[in-house]
Amino acid sequence: MRILNYTIINLVMSKHLLLNINKTQKGIIHIIGIGGIGMSAIAEILHNSNYKVQGSDAQSNNNVDRLQKLGIEVYIGHNANNISQAQIVVHSSAIESDNVELVTARNNNKTILHRSDILAELLRDKYVIAVSGSSGKTTTTAMIASIFDHSNIDATVIVGGILNSYQSNSRLGKSDIFLIEADESDGTMLKIPANITVITSINDDHMDHYGTFDDIKHAFSQFINKADFAILPDSVGINYDASNSMMFGFESGNIRASNIKQHANSIEFDVLIDNNHRIKNVVLSNTIGMHKVSNALAAISVAIKLGISDAEIKKGLLEFQGVARRFSLIADIKGVKLIEDYAHHPNEIYATLTAARSITKGKVIGIIEPLRFARIRNFFDEFIRIFMMFDYVILTPVHPPEDKPIPGCGIDDIQKALISNGFNNTKIMNDALLISHFISDSTSPSDIVLFIGAGSNIAKLAKETAALIAEVKV
């Protein structure tokens with residue numbers, strides 16, 4: 001494989017991780033919130049690298065089940081006794097400072113690491129490709145992984161979603177090449193020692209952490225400028241070093257898409273590279289929507305930078321199997337498609353709705369679980385504007401359940417605002433049986449029902465509803 005500007009072929013195969021804390025290999029690393037999508041990936045990589053890992057979570061989920069099947073001990077519920085044998089305790093920003101395990105670790109002078117710290121340790125002395133962005137980073141990382149899997153790059157992959165090809169959110173490779181999704185929500189991306197950084201998009205999310213949109217853009221600028229090479233959208237609007245970067249997009253940039261054709265479950269397009277080379281008839285499987293083409297362009301940019309051949313790029317995207325909960329078909333019942341999507345920012349919900357509209361002339365019904373009251377407050381008007389673009393909207397309770405309510409930002413407030421703006425096609429529901437009856441009575445062949453949200457409840461609701469509708473429609 002030809003390499004541009006980097007000499008990956010000289011990287012030494014590695015049999016150990018966590019260079020700075022390798023003395024703990026006979027001890028125990030305890031991960032609080034181990035069932036989270038990011039934490040479970042780290043836990044699996046550590047376990048597969050022969051570290052003794054355990055963890056705890058408030059409740060069981062699919063990630064917990066997967067880890068337990070690997071032999072990782074997971075405690076359900078947080079308790080001081082859970083960490084009695086642990087030498088290192090790992091937590092994320094989602095864990096409150098008064099969490100009993102975190103407090104106990106602090107009082108007993110145990111080594112406490114933030115998720116970003118242990119991730120940085122995992123990546124120390126590796127060749128790192130870090131993908132970040134306000135939206136699209138999981139899908140983009142998955143596309144890069146698929147290209148790697150169909151070339152000669154045996155990379156370790158850590159991603160914030162379940163890759164259908166892996167049935168996991170991580171993969172331990174045999175080389176020193178690490179492909180990771182870098183979380184921007186709490187600034188984790190700034191701790192990542194990356195060789196290549198990728199930005200998929202930038203919007204005004206996570207204002208509670210950053211303060212202003214300018215602060216968000218500044219953080220992304222820091223992220224790309226500390227790497228050896230950066231890949232970013234052509235319209236991102238941040239400071240960057242043009243001599244060490246590559247841009248992708250539809251109108252300008254080094255890597256551009258043209259002749260885009262949306263098929264039933266794939267997208268076909270051509271790629272123009274620096275105005276003098278074209279990859280024709282690229283087929284991106286298991287994807288719908290123009291935003292996925294943008295993700296693919298970012299992935300192709302990484303591949304081009306690493307010298308991966310056109311044939312390997314095309315093969316990787318043709319064989320792309322998608323990511324769970326990213327416009328994922330749950331069921332097709334007599335022509336009514338039930339689709340699940342992780343969208344939770346207004347821009348993401350709009351992209352998901354647009355993707356659905358691109359493949360049907362029927363109705364599009366949104367069953368939406370808002371994520372956090374603060375996000376509703378920050379984007380209330382945007383949510384109302386976009387929800388009114390659906391044919392019908394069913395609102396479910398805000399996730400997570402323990403999130404502190406903010407006056408004027410509940411789902412009843414959203415419903416009132418929709419109605420006051422003349423949109424009466426809205427209900428509040430949280431029962432799969434009631435939702436299944438509504439869908440059965442209100443849909444026709446070619447209609448699409450979108451289950452939208454990042455929480456675990458909407459995912460459970462989607463599967464239960466699909467099963468009930470299948471019974472009714474038989």
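Every residue, even glycine, has its Cβ placed from backbone N, Cα and C.
What Swiss-Prot records for Gly133, Ser134, Ser135, Gly136, Lys137, Thr138, Thr139 is ATP binding site.
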Residues flanking the ATP site, with Cβ no more than 8 Å from the Cβ centroid of Gly133, Ser134, Ser135, Gly136, Lys137, Thr138, Thr139 and excluding those residues themselves: Val131, Thr140, Thr200, Ser201, Asn295
All-chain count of other Cβ atoms within 10 Å of Gly133 (ATP binding site): 26
Per DSSP, three-state class assigned to Gly133 (ATP binding site): coil
Same-chain residues at least 6 apart in sequence whose Cβ lies under 8 Å from Lys137 (ATP binding site): Val131, Gly160, Glu181, Ala182, Glu184, Val198, Thr200
Greatest C-beta neighbour count within 10 angstroms, which of the binding-site residues Ser135, Thr138: Thr138
Protein Cβ atoms within 10 Å of Gly136 (ATP binding site), excluding its own: 24
Surrounding CB atoms that lie within 10 Å of the CB of Ser134 (ATP binding site), all protein chains: 20
